[in-house]
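To keep things clear, I will list the structure first and then write my remarks on it.
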Amino acid sequence: MTALQDMAKAQLVLPAPAKLNLMLHILGRRPDGYHELQTLFQFLDYGDELGFTVREDGEIRLQTDVPGVPHDSNLIVKAARALQKQSGCTLGMDIWLEKRLPMGGGIGGGSSDAATTLLALNHLWQLGWDEDRLAQLGLTLGADVPVFVRGHAAFAEGVGEILTPVDPEEPWYLVLVPQVAVSTAEIFSDPLLTRDTPPIKVRPVPKGNSRNDCKAVVERRYPEVRNALNLLGNFTEAKLTGTGSCVFGAFPNKAEADKVSALLTETLTGFVAKGSNISMLHRKLQIL
């Protein structure tokens with residue numbers, strides 16, 4: 001029996017949505033080596049899916065049909081063990097993962113999976129932790145985890161952990177997935193990376209501030225990403241999310257996004273999804 005067939009027996013099945021960085025500005029490098037950022041997060045109604053069933057023996061077990069997904073170093077397992085340790089819970093969890101989001105794509109796959117795990121286990125283990133506490137634990141797993149825990153589109157500052165809820169337009173997006181995994185560490189260590197963008201002080205963020213400071217470095221290092229940006233740029237403004245590899249463009253309706261997708265996905269992998277300011281994970285949690 002496959003992991004996905006097993007998931008049908010899960011106590012709770014939840015989505016782990018993708019995110020886009022609608023803009024990403026790098027303000028400088030901190031003494032600890034991390035970079036000060038300003039970015040705008042919005043969710044997509046598309047993502048991974050995870051199933052959860054409580055175990056009585058305290059074991060954390062992850063099953064997936066996707067080859068190459070590590071166990072002990074996987075953020076899902078790390079999140080579960082961190083919450084187990086911090087809460088003192090003696091219960092365990094069987095977890096199933098249906099992976100749709102690419103690894104190294106800049107759309108938050110691993111971070112979103114970790115956040116969904118924290119919220120699911122908090123619910124099933126009946127821990128009663130609030131979002132603030134879960135987000136604080138999430139930050140120890142990755143800078144993008146807190147925004148997924150909170151589930152609202154946000155303007156993020158610091159290393160991405162200082163979040164201000166925002167409500168940008170919710171268009172349809174075509175997301176292209178170049179078949180290359182971009183190393184975030186490699187991009188942020190590149191000597192030619194822009195690191196001196198002046199901070200945005202106006203709220204809400206002006207529409208013209210949609211630049212991604214990582215784009216030039218990623219295009220230079222990864223011709224596959226440059227090609228995807230060029231092709232999509234024939235139809236709409238093409239943007240890079242995070243450090244890539246995924247690129248995206250906004251469309252006023254699904255029909256237009258589907259039309260361009262049909263043309264471009266003959267040679268490139270991609271998907272069409274609706275932008276959402278409230279994550280589909282939180283919409284589902286609200287009805288539990």
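Cβ atoms here come from the backbone N, Cα and C positions, even for glycine.
Here is what Swiss-Prot records for this protein:
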type     : residues                                                                               : note
ACT_SITE : Lys19                                                                                  : active site
BINDING  : Pro102, Met103, Gly104, Gly105, Gly106, Ile107, Gly108, Gly109, Gly110, Ser111, Ser112 : ATP binding site
ACT_SITE : Asp144                                                                                 : active site
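Considering only the binding-site residues Pro102, Gly106, Gly108, Gly110, Ser112, the residue whose Cα is spatially closest to the Cα of Lys19 (active site) is Gly108. Across the fold, the C-alpha of Asp144 (active site) and the C-alpha of Gly110 (ATP binding site) stand 9 Å from each other. Apart from the site residues Pro102, Met103, Gly104, Gly105, Gly106, Ile107, Gly108, Gly109, Gly110, Ser111, Ser112, the chain places the Cβ of Ala18, Leu101, Gly242 no farther than 8 Å from the centroid of the site's Cβ atoms, the recorded ATP location. The binding-site residues under consideration are Pro102, Gly108. Their Cβ neighbour counts within 10 Å are lowest for Pro102.
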